[in-house]
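This report refers to the structure that appears directly beneath it.
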Amino acid sequence: MSTTTSVEWSQTEEVNTIRLRRNARRRLSTPAPRQTHRIQFCHPFPPSLEALDLSTASSPAQILASLRFLVLSYLAELEQRISLIESPDLEQWQTKGQLTIEEARQWSRETLDMLESLRNDVCSHLPDIHLSDISIENLKSAWLPDFPDVPSISEMRSHLPDLPDCISSKLDTVRTKFHDIDFHAPLDYIPTLSEQLESLQSRLSAMELPIGLPGSHSMLSDLVDSLLSSELVTDFLQSAALEEEVFENAAKEVALAAKRSFHGVRLISYADLPEPWQNNSFVTQGYRFIPIEKWHLIILSLFAFHNEFLNIHTHLVPGLLWAINSIPFVNPAGVEDIPEALFMVFAVICLFSSAVWHTMAGCAHCPSMEFCARVDYVGIGWLISASVGTVVHYGFQCHPDLGKMFLAGCLLTGLLGNTCPFMQWFNEVRYRGWRIVFFLSLAFFSLAPLAALAIIHSPSAMATFMSPVVPSLVSYIVGLIFYATHIPERFMSEKWSRYLDKIGGGSHAIWHCFIVLAVAQHKAAIRVMKDGIMCQMPDQP
């Protein structure tokens, strides 16, 4: 009995040997089979390249979504055919080769894993644009009637129903998706996809099995090659190469500047700075360039001489003094009313944000440096809005409803000053003039409430009310002239510039001094404006 069983088993082994030609060497071990989840596709593979229009009129989203569909359909068809190797009926695979059933199954499992990995890559890189659970067949059967023979297009339209709201909503969602797609990652993946498809075809060609789809693979290869040579991908790859070159050059400039500064220990010149750190070409010496990892050196630079020293302390010291003076138990006699207190809060915030920015201007970490610069702009915006707000509050005491409307406008300008600085273009050197115009436009909002005061009362009454504010306005304007014209450093000799650059005694520090003076003058003006404009009393009978 044992001998008979052994002979039958040997014969069965012989019958179940698939003789195939293979170029690779026979595997020595086989892992245990595992369960694999198969994804079923019911879409037929498109017979031609018409499914993917690479003309310039095509949307990039349509091209990438179509490519995704075609590749996934091709992989699904291959997966279905390769899965047959593991089926009981293996008659069709028998040829004159040296490959056993177990080796064939091992090869099929590895190939299926390769398909699954490729499918995951395609799904993660190429956009999926679809209408959820809606298909063309369902759409036609559910919403479109049977068309009678009609002689004209206009008559045919009369038989068409209105598009349902649910369909319109889904179409709007898809339309939005087309605009929201970031094409950089998908287009960057196209060369990789081409290599993956070639690798897959090489693996399939190594086995002379009737599972390949040479026509489909040829079509996909032509399609990917067409996409690679299209203007869309060519322009992207060129721009990506250019961006990479710019990034590498910027990294080299930062590394070189850090090296020249001995990683934050030594001051460097304007010419040594990378482009994002270059703000004032007339200040040529005394620049810090401290890596953010050495943050303690950035803090210690508060007490060292460099070209930001006065820029920091002309705002830090007055801000600290005003902040301490506003504490009730420190200065009991200096209790202020709410509008005056709010103005001083925003003034101190402006001074502190300025001091932080000028401290971080020497940080070698560009995102941190730029963020602090934008915070500085936010402080300026709130100071302007708070200054106008005090004028509105005291000027419209007789007309509180109108005053609330203008106070809402002050809040809106403050929010604009809080938002616009964080736009990408705002901190660029070439838009320096536009930044000045932006902050001036925030200040010019005060013309609206002043015009209203002149109409309600009289121009002379409005002028009398505003007269205490004039000194602070003059200080702001004079300081702005120094800031915009880079006076005096633009006219100084190299010798004097070298001395001033050691402590930062240039136009920016002068502008800071005029801002502090303007804040003090406006604070004094508030106490005069508290009485407002005399309200007109009704005539007595």
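Easy rule for this one: first residue shown is 1, then count along the chain.
Including glycine, each Cβ sits where the backbone N, Cα and C put it.
TrEMBL labels come from automatic prediction, so no person has curated them.
Feature annotation from TrEMBL assigns transmembrane segment to 341-363, 375-396, 402-424, 436-456, 462-485. The feature Zn(2+) binding site is assigned by TrEMBL to His358, His508, His512.
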- Could you tally the C-beta atoms, other than its own, that fall within 10 angstroms of the C-beta of His508 (Zn(2+) binding site)? 23
- Apart from its near flanks, which chain residues at least 6 from the ends of the transmembrane segment (462-485) lie with a Cβ under 8 angstroms of it? 387, 391, 395, 433, 436, 443, 450, 453-454, 507-508, 510-515, 517-519, 521-522, 524-525, 528-529, 532-533
- Taking the centre of the Cβ atoms of His358, His508, His512 as the Zn(2+) site, the remaining residues of that chain with Cβ inside 8 Å are Glu308, Leu310, Asn311, Ile312, Thr314, His315, Ser354, Gly504, Ala509, Trp511
- Within 10 angstroms of the C-beta of His512 (Zn(2+) binding site), what count of other C-beta atoms is obtained when all protein chains are considered? 26
- Long-range same-chain neighbours of His358 (Zn(2+) binding site), Cβ under 8 Å, sequence gap at least 6? Glu308, Asn311, Ile312, His315
